[in-house]
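Chemist: Checked Swiss-Prot, it gives:
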REPEAT    14-53  repeat 'WD 1'
REPEAT    59-98  repeat 'WD 2'
REPEAT    103-142  repeat 'WD 3'
REPEAT    148-187  repeat 'WD 4'
REPEAT    192-231  repeat 'WD 5'
REPEAT    243-282  repeat 'WD 6'
REPEAT    294-330  repeat 'WD 7'
Amino acid sequence: MKDTLALLQKFNAHPDSRCWYVAWNPKGTLLASCGGDRAIRIWGREGDSWECKTVLQDGHQRAVRKVAWSPCGNYLASASFDATTCIWKKKNDDFECLTVLEGHENEVKCVAWAPSGNQLATCSRDKSVWIWEVDEEDEYECVSVVNSHTQDVKHVVWHPTQELLASCSYDNNVCVYKEEDDDWECRATLEGHTSTVWGLTFDPSGQRLASCSDDRTVKIWKECQPGGGQDTAWKCVCTLSGFHGRTVYDIAWCPLTGALATACGDDGVRVFKEDETADPDQPVFSLSAHVPKAHSQDVNCIAWHPKEAGLLVSCSDNGEIAVWNYQSEV
């Protein structure tokens, strides 16, 4: 491995608490983090370091599991173990809680905005995925509840350009949803993992989906058209096994370089690179860079910067955020 993953900065983002998730705003000027302390922190770059700009701590009664920026960057959604999702509106340098989305019976595990910004998806330990629509008056309405999983739903992610949604679950499966006659339904179930699927990420084109699991593997799924007017199918074209020592909690496909990064329960951060000479229907990924003890505890999340190639952040059970620079020798 000639490629490098260098630590730029490490800071205690959520003291005495887990840092569950980090998310860049679309411009990459702000980073939101959330944790077991019920707080959301907004970080901005000051010179070469990242400083806390504001703390949002009145929205939730329990841990905040995930945060997500709207495509326009003016709204932040937060999903909490208190079974609610808060929508925060950015006003100058501050944020106000605009509305609270209620309805899930148990912890909300994830929230994600559609690329249009007009729809939002949430998922929960109650085994359901909810689709919400937002109008020009910032009113949110649940338009569909899908119960395609048989266990706790861990993560939801939207296709980068289409109104297509994917979710993954404690039931070991991935579901892909499309809207049909004003209702959302599961159009494909991706089976292959042997334990909980924790995270999902689309490649920049949206033609492939990567999943990561408690079975310590990463799977790459490719969309294929069966023809004859049938539904699109997703086929597993590659499995990365033998690289991770414990559960793989999160995975992120770099929108700029196509590199694939993982966050793992063995405290490591890894970056995989695709062999561009390989057959697209049989892709080959190699381990490009690995920091074995990126954090002193489980790594929960990994996120590539949307505008700066090679810049990525990770966060951990020890409350820390780490900023990394990945450099690949072509």
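Placement of Cβ uses the backbone N, Cα and C atoms for every residue, glycine included.
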Chemist: Same chain, outside the repeat 'WD 5' (192-231) by at least 6, Cβ under 8 Å from its Cβ: which residues?
Modeler: 154-162, 164, 166-170, 172-174, 176, 237-241, 243-256, 258, 260, 262-263, 272, 280-281, 283, 285
Chemist: Same chain only, please: residues at least 6 beyond the ends of the repeat 'WD 7' (294-330) with a C-beta under 8 Å from a C-beta of the stretch. Say none if there are none.
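Modeler: For the repeat 'WD 7' (294-330), the list is 2-24, 26-28, 31, 33, 35, 43, 50, 246-247, 249-257, 259, 261-265, 267-269, 271, 273, 288.
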Chemist: What residues elsewhere in the chain lie close to the repeat 'WD 6' (243-282), defined as a C-beta under 8 angstroms and at least 6 residues from its ends?
Modeler: 3, 5, 160, 196, 198-204, 210-214, 216-218, 222, 237, 288-304, 306-310, 312, 314, 316, 322, 324, 326, 328
Chemist: State the residues, same chain only, that lie 6 or more residues beyond the ends of the repeat 'WD 4' (148-187) and have a CB under 8 A from a CB inside it; answer 'none' if no residue qualifies.
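Modeler: Contacts of the repeat 'WD 4' (148-187) (Cβ under 8 Å, skipping residues fewer than 6 from its ends): 109-116, 119, 121-125, 127-129, 131, 193-202, 204-206, 209, 211, 213, 221, 231-232, 234, 255.
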Chemist: What same-chain residues lie close to the repeat 'WD 1' (14-53): Cβ under 8 Å, and 6 or more beyond its ends?
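Modeler: Sequence-remote neighbours of the repeat 'WD 1' (14-53) are 8, 59-69, 71-73, 76, 78, 80, 88, 93, 95, 300-301, 303-308, 311, 313-321, 323.
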Chemist: How many of the residues that make up the repeat 'WD 5' (192-231) does DSSP mark as helix, as strand and as coil?
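Modeler: For that range the per-state counts are 0 helix, 19 strand, 21 coil.
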Chemist: Over the repeat 'WD 3' (103-142), what is the model's average pLDDT?
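Modeler: When the pLDDT values over the repeat 'WD 3' (103-142) are averaged, the result is 96.
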